[in-house]
Amino acid sequence: MGIKGLTKLLADNAPDSMKEQKFESYFGRKIAIDASMSIYSFLVVVGRTGTDMLTNDAGEVTSHLIGMFNRTIRVLEAGLKPVYVFDGKPPEMKGGELAKRLARREEAVESLATAKLEGNEADMEKYSKRTVKVTKQHNEDCRKLLRLMGVPVVEAPSEAEAECASLCKTGKVYAVASEDMDSLTFGSTRFLRHLMEPVSRKLPVMEFDMNKVLEGLSLTMDQFVDLCILCGCDYIDTIRGIGAQTALKLIRQHGSLEKILENLNKDRYQIPDPWPYEEARRLFKEPLVTQAEDVPDFKWTAPDAEGLIKFLVEENGFNHDRVQTAIKKIQLAKNKSSQGRFVNCLCRL
C-alpha cells in the first residue's frame, strides 16, 4: 500500500522536492531496487493476454523471468548499476495488511469465476490481475537469473524498502527505486519512481529529495514519520476522516502523534482501538536491516553465458538466439559502464 496520498501531498506542498529525470541521467549510479515490487509488476503486465500468462513447456509461469531479464538489460545498457533487494520475513505488525491483501485476492478469485461464467472478458482480465501473488519460487527464479547476469542481489532480513533505504542512507547506493512511497518514510535520501516502468509507457523517472521534502513541508524527520503513519501505512489502520492534507495540518499544529491524540475531537474522529502507533513509528525509525559494516562491496561481474542458456533456454523454453543476443548486450553494457567510469576518473584528474 505504501503511504496513502503522499505523492499528491508533496506535489501540492513541497513541489521542489520532486523532479522529472531522464532514465539515462543515472549513468554510473548504484541504484537499490525493490525486487518484489518489480516482480509483481512483471507478473501483472508482461506477456499477458486476457487471463493467460506466459509459461514454459511445463506450464510454469515465466512472465517474471522475461520481465526481469529484459528490464535489467535496459538498466545496464543505460549505464546504471542495479542492486536488487529481496524481502525477508515481514514484521508481525504487517500481518493485518497482509491479511487484507489475501482477502482481496480471494474476493478477486470469486469475481473472476463469476466473470468467466458471464463471459465478460474485460472483467476477466481485471480480476485475473488482482489474483497475482509473488511466490517464493518467483523470488528464487529471479535471484538465480540476476546472479547469472552478474548483478548483485541482497537478501533483506525483513522489509526490502527498509533495507534499500539503509543502503542509501549509508552511501552504499546513490538512490532507491520502488513504487512504494514508504521508501521515504524509512529515510531514503533519494528516491526514484517509474525507473522500472516499461518503455512503452513513456514515463519519466520521478526523483524525490528527502531533504527538500522536509524543507518543503516544514517538518523534522520524526514529524514526517508521524505524518506518514497518520496518512495511512501498512502497519496500522487509519483514523477515518483524516486524509493526507488534514494529517499535515494536524502535525504542523501539534508536532507529534501524542499531542494530536490529546487534542483530537473524539466525537468527530474515531481512533481505532488498539492503535499501536508507537510500534509503527519504531518500525520506520529502527527497522531490522543489515548493519552497514556487514554489507559487502557490490560487484557487477560478467554474465555466465553457459548458465543463462541452461536456465533460460533449456529449463524455461526461451528462444536460444534471443538469449544469445541478450547476453552480448549485457557484455557490451558492462564494458560501456566500465569505460564510462574510467573517463570520469580521468576528467577528475
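Glycine is treated like the rest: Cβ placed from N, Cα and C.
In the predicted model, the region 'N-domain' (1-105) has a mean pLDDT of 85. Annotation source Swiss-Prot lists region 'N-domain' at 1-105.
If you look up Swiss-Prot, you'll see D34, D87, E159, E161 marked as Mg(2+) 1 binding site. Neighbours of E159 (Mg(2+) 1 binding site), defined as other CB atoms within 10 A of its CB across all chains, total 27.
In the three-state DSSP scheme, E159 (Mg(2+) 1 binding site) is classed as coil. Sequence annotations record features per position, and here Swiss-Prot assigns DNA binding site to R71, E159, G232, D234.
Swiss-Prot lists 123-254 with the feature region 'I-domain'.
Residues or ranges marked as Mg(2+) 2 binding site in Swiss-Prot (evidence: sequence analysis): D180, D182, D234.
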Nearest recorded site to D34 (Mg(2+) 1 binding site) by CA-CA distance, among binding-site residues R71, D180, D182, G232, D234: D180
Conformational class of D180 (Mg(2+) 2 binding site) under the three-state DSSP mapping: coil
Residues flanking the Mg(2+) 1 site, with Cβ no more than 8 Å from the Cβ centroid of D34, D87, E159, E161 and excluding those residues themselves: S36, M37, V85, A156, A160, A162, E163, C164, S178, D180
Cα-proximity to D180 (Mg(2+) 2 binding site), 10 Å cut-off, over binding-site residues R71, D87, E161: E161
Number of other Cβ atoms within 10 Å of the Cβ of D180 (Mg(2+) 2 binding site) across all protein chains: 23
DSSP three-state assignment (helix, strand or coil) for D87 (Mg(2+) 1 binding site): coil
